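TrEMBL annotations:
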- 12-36: transmembrane segment (TRANSMEM)
- 48-76: transmembrane segment (TRANSMEM)
- 96-120: transmembrane segment (TRANSMEM)
- 182-204: transmembrane segment (TRANSMEM)
- 219-241: transmembrane segment (TRANSMEM)
- 253-274: transmembrane segment (TRANSMEM)
Amino acid sequence: TECEKEPGSLLWIFVMVGNIVRGMGETPIMPLGISYLEDFAKAENSPFYLACLHTATVVGPFLGLLLASFCAELFVDIGSVGADEITITATDARWVGAWWLGILICALLNLLVGIPFWFLPKSLVKEGETNEPEETSEKSVAPLQENDKNGAKQTIKHHTNSWHYVIPDFIPFLKALFHNPVYMLFICITVLQFSAFDGMISFMPKYLEQQFGKSASDAIFLIGVYNLPVLCVGYFSGGLFMKKFKINIYQAANIAFWVSLLEYLLYFAAYWTVCDTSPVAGLTVSYQ
């Protein structure tokens, strides 16, 4: 009999568009958040604040993996299929967890967490400094108002030609960045580090399932417990270390180099930790 082709679903487009919108909303957090901290924090406190920010970015995936572990134990059609009608378990290769449930929960939390950002002030008093006296601020009100009016008129006048001013300044600046060897080296290192981390997150759960017979929920839980808390400790302790000893940028670069070299040497030792391949009919063993 010929195989019957079932009609495909286009619902994946909604998931793709949702991830694009989510990325657009999450991307400004790091560059704008770091600039916000750098502008209004003391130089000796800035590394500690940045460490707290990066620690929070690791705590989020850790909690997400715990949520994914919980959702993976639930059947994908939860709510529409009774528990007595499910004849397979979570360790079965045909099991599909409720992946969509975590997306809905995270979307709701992102909406609630994003509301306080509307109330952040546009400008803050730099840490360690005091506000200007009231007399000085009152004297400066009139000139400021005049400057604001003149600036508003110029903005309205040149609003239609704003792209003619942005593009000529942006292209040379971008070209200068691409010709900066330190910046490009940092970009390459960042790409390699995130590629390794994303590869581990993507393929390690399936490896644990195949080699150690773990369910999808257990594999996700183990990855979150064994990896992300250690990263949190590293970020936080590194920020405290730089704050306490007032490490400058050159000293920080040397420390990062030697620590990264030690990290890669430890990862290289993983080549000698080889597990026996599980027998798979038709691949490693015959069908008989």
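From the backbone N, Cα and C atoms, a Cβ is placed for every residue, glycine too.
Residues 30, 33-34, 37, 41, 86, 90, 95-102, 105-106, 215-218, 220-221, 223-224, 228-229, 231-232, 235-236, 238-240, 242-243 of the same chain sit 6 or more residues outside the transmembrane segment (48-76) yet have a Cβ under 8 Å from a Cβ within it. For the transmembrane segment (96-120), same-chain residues at least 6 beyond its ends with a Cβ under 8 Å from one of its own Cβ atoms are 15, 18, 22, 25, 64, 67-68, 71-76, 78, 90, 216-217. Residues 50, 53, 57, 103, 107, 110, 114 of the same chain lie 6+ residues outside the transmembrane segment (12-36) yet bring a C-beta within less than 8 angstroms of a C-beta in it.
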